[in-house]
Amino acid sequence: MSVGELYSQYTRVWIPDPDEVWRSAELTKDYKEGEKSLQLRLEDGTIREYPIDVQSNQLPFLRNPDILVGENDLTALSYLHEPAVLHNLKVRFLESNHIYTYCGIVLVAINPYEQLPIYGQDVIYAYSGQNMGDMDPHIFAVAEEAYKQMARDEKNQSIIVSGESGAGKTVSAKYAMRYFATVGGSASDTNIEEKVLASSPIMEAIGNAKTTRNDNSSRFGKYIQIGFDKRYHIIGANMRTYLLEKSRVVFQADGERNYHIFYQLCAAASLPEFKELALTCAEDFFYTSQGGDTHIEGIDDAEDFEKTRQAFTLLGVRESHQISIFKIIASILHLGNVEIQAERDGDSCSVSPQDAHLNDFCRLLGVEHSQMVHWLCHRKLVTTSETYVKTMSPQQVANARSALAKHIYAQLFGWIVEHVNKALCTALKQHAFIGVLDIYGFETFEVNSFEQFCINYANEKLQQQFNSHVFKLEQEEYMKEQIPWTLIDFYDNQPCIDLIEAKLGILDLLDEECKVPKGTDQNWAQKLYDRHSGSQHFQKPRMSNTAFIVVHFADKVEYLSDGFLEKNRDTVYEEQINILKASKFPLVADLFHDDKDSILAATTSGKGSSSKINIRSARPPLKASNKEHKKTVGHQFRTSLHLLMETLNATTPHYVRCIKPNDEKLPFHFDPKRAVQQLRACGVLETIRISAAGYPSRWAYHDFFNRYRVLVKKRELGNTDKKAICRSVLENLIKDPDKFQFGRTKIFFRAGQVAYLEKLRADKFRAATIMIQKTVRGWLQKVKYRRLKAATLTLQRFCRGHLARRLAEQLRRTRAAIVFQKQYRMRRTRLAYQRARRAAVIIQAFTRGMLVRRSYRQVLMEHKATVLQKHVRGWMARRRFRRLRGAAIVIQCAFRMLKAKQELKALKIEARSAEHLKRLNVGMENKVVQLQRKIDDQNKEFRTLSEQLSAVTSTHTMEVEKLKKELARYQQGHSGDSSLRLQEEVESLRAELQRAHSERKILEDTHTKEKDELKKQVAVLEQENALLKDEKEQLNNQILCQVKDEFAQNSVKENLMKRELEEERSRYQNLVKEYSRLEQRYDNLRDEMSIIKQTPGHRRNPSNQSSLESDSNYPSISTSEVGDTEDTLQQVEDIGLEKAAMDMTVFLKLQKRVRELEQERKKLQVQLEKREQLDGRKVQGEQAKNDLDLDQDADLAYNSLKRQELESENKKLKNDLNELRKAVADQATQNNSTHGSPDSYHLLLNQLKLANEELEVRKEEVLILRTQIVSADQRRLAGKSTEPNINARTSWPNSEKHVDQEDAIEAYHGVCQTNRLLEAQLQAQSREHEEEVEGLKAQVEALKEELDKQQQTFCQTLLLSPEAQVEFGVQQEISRLTNENLDLKELVEKLEKNERKLKKQLKIYMKKVQDLEAAQALAQSERKRHELNRQVTVQRKEKDFQGMLEYHKEDEALLIRNLVTELKPQTLAGTVPCLPAYVLYMCIRHADYVNDDLKVHSLLTSTINGIKKVLKKHNEDFEMTSFWLSNTCRLLHCLKQYSGDEGFMTQNTPKQNEHCLKNFDLTEYRQVLSDLSIQIYQQLIKIAEGVLQPMIVSAMLENESIQGLSGVKPTGYRKRSSSMVDGDNSYCLEAVIRQMTSFHTVMREQGLDPEIILQVFKQLFYMINAVTLNNLLLRKDVCSWSTGMQLRYNISQLEEWLRGRNLHQSGAVQTMEPLIQAAQLLQLKKKTPEDAEAICSLCTSLSTQQIVKILNLYTPLNEFEERVTVAFIRTIQAQLQERNDPQQLLLDSKHMFPVLFPFNPSSLTMDSIHIPAYLNLEFLSEV
């Protein structure tokens, strides 16, 4: 391929630009070799001539095709060079807002300076388990790659995060650790992952600070090793730190801050526990105020300080140690504020002993004040002969103070890191680790010092390791594909490293100069010039003798040698350190011990000691000799760096390069100059160069064939070998064989070859497009011509027709006008005639009416006068009569009142006297006899009167007959006179008839007048009625609107209530899920405890052993309410699981008893309210007493007295009978040998019977006597009320007789007792009467309501048509009959319930009788067994199976083993579904029948525990889980169906109602089974999701359901990532459908409820939707039009499958709505504002972030399709601003809908179930 072919017209190139670094341009004409310039057109349209160096012939870089722009991997670009890399990063960052991009094995991360929602838990789960090239670039993808390679290769991994300050290194490392903590969470309760994450706030507080480039810059390097066990769970961590920037403690540049911890402590200085620190605001301290502003916008130091303290607490740092740490930090601030006073000579200075800050410094550190004052200003010089104490100048003192502050902070930093490591370490063995290296990137400033030198030295080492690793990977790839390996020349920076660290290198010379007593920075610089002036990596500046230049791999850096020696020595005066060693605070003293002291302490304390305070010897240690010197900072850093490189070389590295897009910290702002500078420094371009030197573009044969099959000739397509086709195509298209290589599975291309192939492909498509356009345009012109010709003919036809129609219309109108004139003239004449005739008739009518009204008024006036006179006279007569009658009545009343008062006074006096009481009871017997005689006399009189009446009736009939005969004779004699009278009567009647006719005429006239008036009124009323109808319609419309609004509001409320119910159900099921998780954790801990207790040196506690063997009563914990569940769990946590489990039975009984007492309390309260109402109506009841019938009262009194007497007597007799029986039994046992005991027993029984009969007779007599007394008393009262004027003495004829005093008192008590009884009966009857009245009132109201309803329906039916009326009547009748039927059903159920209760009682009594008979029979058989001489066999009658199974208590474990733990679902194929559930219920029913609560409790508990064990054992078996879910639900349904609760028995047959439980209420166990069903359902969903999830992405997004639709784009390095496992793991949609069909078949065959099956598939379809959509949102390569088409097709296939299985009602399709809208979004047009509105209205189920993300990811598959512009995306965002969408980008794939178990009763009866023999349940016996 020649240069002319590449640089032809319209080819786009990159040219250098001073502002944008690189600028795009287009060739305006072809380039020919040898030309000195190129003619270019820039993007703004300007023409420019670009010169070319003829000697080097360096042409500008070629630009990649647009289809390759925005690629995830930079190595996928065809042209690999700096402008292509920069442009790709810029497009992804600015247009798509993608901050991550792959560059081979490197992840390039650009700091967005904005919080992005791409780091949540949902994103972590989306990247977990995915291959690195399958998803969009992300830090989580790199972390997953490391985690997966560690698990697969069992090799340690490292993630190296580098970049300059402000590029986001710390955040990237933090997110990587968060990923490991989430994916590899600890298996135990140590929560080590939380501790690993908690170390970040601490290290940021003490090691991060604000700089000019970053608000949270890490001023140290750290390498965190996260340890994993064999199951790859986090078990611990370890941290190593490098080169803390100590100088920041004492100095900060303008705009920078000190370490965050200082400002956090100042912000919390007002807290009570920090008063002793004597801190104020940060502006008051020298060490925190040098940079100016002490605050960071958006940062709350007090809040961050609280997080730091919480992190300390979480890591186990005691509160006392925390206070000590804060004291040391505060002392550093006070040390910086100590004032140094210079003396006059200038060579000495002093510090005031009264300095407050110095006092606080000494107090906080616990050191002697006087010594510190002295040694701050003096130093000790030790010689061989003597020791001198020398004063220091103010500058020396300031330097010494700064050195002391830096040393204190550095020691504290090391101590904190050490204790963080102790908190993160573990005693378990570490299987592997992943290291996260967060280290500073290459730095170059205006003034570079010792820190920058060390940083760049570390980056040189890391770059060398990076280059070798990249080279190694390239070599492995070529060898794997069997491509000839040619050595690629890459940059080796070993000479630069040798310059720094080799013998007599820069560091060696620096250490040597530090050992010289009077070594200076200038002398050291001169040595460097002398030693390394010939090195190619070392240069001397022209204008300086104290600086030197090192040529690093990234850039030249000039270092200023001033301060190198001081920083390398890091000297602190020994006297000051000794003062700190003598501190009274152990922590302060331990900080400053020498390394040798600490080593000795560690060795003496023993290996593995964890003591935090070192033990010091009482003797002062011997001073080291002068030959031993402290190691320099450079030497320490070089050693630690070598250790780090050894660690990294022993691991598999993964690289993250952080880029800072701008220095102003602006969000999504890209500065090309800064970006290029960092790309060069971080090694990204070196990776590109290495890739470009070989074969950077790689294609699989299949992908290459699919992409470039358009370039293949037709005859070559017949070949089935795709490799051969690819070879022939490339040999024909690319003539240079060195430009490509054929590997084993891939084709390798040199740089630019893919772009050339893309150009050929585009040309081919362009030629085909031109041909298609030519043909289509010709066809369009032909169609247009035919359309014009047809239109012309049509117009002509229509015009001619229009003219003809217009003529016809004119003729028709002329004739119509003549007809109109004729008719109009005729009508006008007729109207005139009718007007005249109507006027004449009206005049006549008014005249006649006036005459008639005048005569009528006269007659009416006369009649009214007569009527008035009559009424006035009558009124006057009545008034006089009323006045006279009133006066008479008043007189009578006064007189009667006087008499009544007198009589009342006499009666009261008589009632008070004792004589009256005597008279009351005298002669009662005589009165009874008299009354009997009186009745007999009355009967005799009645008989005589009846005889007289019969005689009178006979005489009366005879007289009537006589009178009839006389009447007949009289009529015959007077017949002639009657005819004359009849004629007179006829004449009178005729006169009356004439009068009637005249009156009729008058009435007819008045009727006509009134009729006219009524017509007028009717017309008026009709108008009013029309108005009212209009108003009615308006009101109806308003009412309809209001009803619609109310309906809408009600529907909204109903939806809210449903949503709240769903949320409550989901919360409850989450609690159940959490409960099961805690239970699983408890089992794990129990297993661990058992393992620990079995180890030597420990003995197991028997109580623990028993608790570990079984789950005891644990499943019986009541979960009837969420609150109960939480209380129970809290109880388990507080007092231990075993004790709580043992007390649960008592707890359940108490809870049930509380509910019963609550119900009784409510009943009593209702009765109390009724009693109060009855007391309020007591007066009415007393008035009603007087109206009752006296005889009825007597009978009631008699009955009540008899009942009370009988009850009391019955109790006495029962007691006597029991005593007699006991005595007889005792006597029988004593005299067992005698035969007289039965006779004596019967004799006593007979005597007792006789006594009872005699007692009954006497009681009857007494009761009759008392009743007669009461009735006589009532008659007396009645007679007194009827005859008030009779004297009281005359009413008692026997009152004068003498009565015995005892008889009178007894009679008096009897009367009182009867009065009380009568009063009680009256009250009871009044209450009953009031209740009846209330019931009748309620019935009346119900009848009224029913009548109103019937009237309304009747009115409605009147408005309907006859057919509708008939239909409506039939419906009403049907509904009435249905209601009556339901009422009858309820009545029948009540009667059946009562019948069951009576049967139950009868069975109990029968059982007692049978037991008694059996006992008697046994006794008789023992007495007469000597008489039996032959054996008689008694045959038992065959009885029907009652649906109960009996088993012995010892067979329970065998039952559970055969029916639960060892049962396999396959063995029950062909039997009744859910057979184990039916068998278990029949066993429970028998235990209920025999009233054995312990057996029921034990069976249910063992069943639940057995199911849990089976599910735990088969936690990945879908069939087993589905089997036990169906059985658990069926057992739950059986407990409901046969519970006896009427709500669950509506669908039962009478036979099924016989199988109900009789004695126990198992409501609590139903709740426990419901919770167990929820747990099994969640496990079922988890298993199904685990099976389906690996298939979803491949089947829904990657597999070509529609062949040839999707295109293939060039892929980068990540598609050949080491995380990709060999082998084809792709799935098609048919595989997913087959799997779901298998799930459906299993659940249906095992009898799972259809409602639960619907919920299962709704959950699975939601998971398919979430996983597919999340992958779509995280993958750029699948966001295309063809993917949208594939998705639509796949979703339609899934919908068809749902309809075919009758599962479309499950709501599964609704869960797929976001995915459907995403597929539509990919296919919609995306250009105009109308398109934006259509997208916003269509994508209602997608959030704003998801829509924008899909549009940003949208990638055309070819160059003819346009990209989505940034302006269009901004339009979408503007239109969607009003949406209140959640900030979450991805769907929660772990979300689980709350499951609902509807009641589904069985139609089977228990007696119809057959138990197969192969279940080995022979020990169960049918009852």
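Here, residue 1 is simply the first one shown, and the rest follow in order.
The backbone N, Cα and C atoms fix where each Cβ goes, and this holds for glycine too.
Bear in mind that the values here come from a model prediction, so they are computed numbers and not experimental data.
TrEMBL assigns the feature region 'Actin-binding' to residues 641-663, out of the candidate ranges 227-249, 641-663, 664-686. The stretch that TrEMBL tags with coiled coil, taken from the ranges 273-324, 897-948, 1001-1052, 1521-1572, is 897-948.
With a threshold of 8 Å between CB atoms, the same-chain residues lying at least 6 positions outside the region 'Actin-binding' (641-663) that come near it are 89, 93, 103, 105-113, 139, 142, 145-146, 149, 153, 155-169, 172, 176, 213, 223, 240, 242, 435, 437, 441, 457-458, 461-462, 465-466, 469, 669-671, 674-675, 678-679, 682-684. Gly163 (ATP binding site) is surrounded by 27 other CB atoms, counting those within 10 A of its CB over all protein chains shown. Shown are the binding-site residues Ser165, Thr170; of these, the residue with the fewest other Cβ atoms within 10 Å is Ser165. Each of the binding-site residues Gly166, Gly168 was ranked by the number of other C-beta atoms within 10 Å, and first place falls to Gly168. One way to see the shell of the ATP site is to take the Cβ centroid of Gly163, Glu164, Ser165, Gly166, Ala167, Gly168, Lys169, Thr170; the remaining same-chain residues with a Cβ within 8 Å of it are Asn111, Asn214, Ser217, Ser218, Gly441, Cys658, Lys660.
For the domain 'Myosin N-terminal SH3-like' (8-60), DSSP puts the residue distribution at 0 helix, 24 strand, 29 coil. Under 8 Å, Cβ to Cβ, and six or more positions away along its own chain, Lys169 (ATP binding site) finds Val161, Ser162, Gly163, Ser218, Asp438, Ile439, Tyr440, Gly441, Cys658. Model confidence over the coiled coil (1147-1177) stands at 59, taken as the mean pLDDT rounded to a whole number. Around Glu164 (ATP binding site), the same-chain residues six or more apart in sequence whose CB sits under 8 Å from its CB are Arg213, Tyr440, Gly441, Phe442, Glu443, Cys658, Lys660, Gln678, Ala681, listed in sequence order. Sequence-distant contacts (6 or more apart, same chain, Cβ under 8 Å) of Ala167 (ATP binding site) comprise Ala109, Asn111, Asn214, Gly441, Cys658, Ile659, Lys660, Gln678. Broken down with DSSP, the region 'Actin-binding' (641-663) shows 9 helix, 8 strand, 6 coil.
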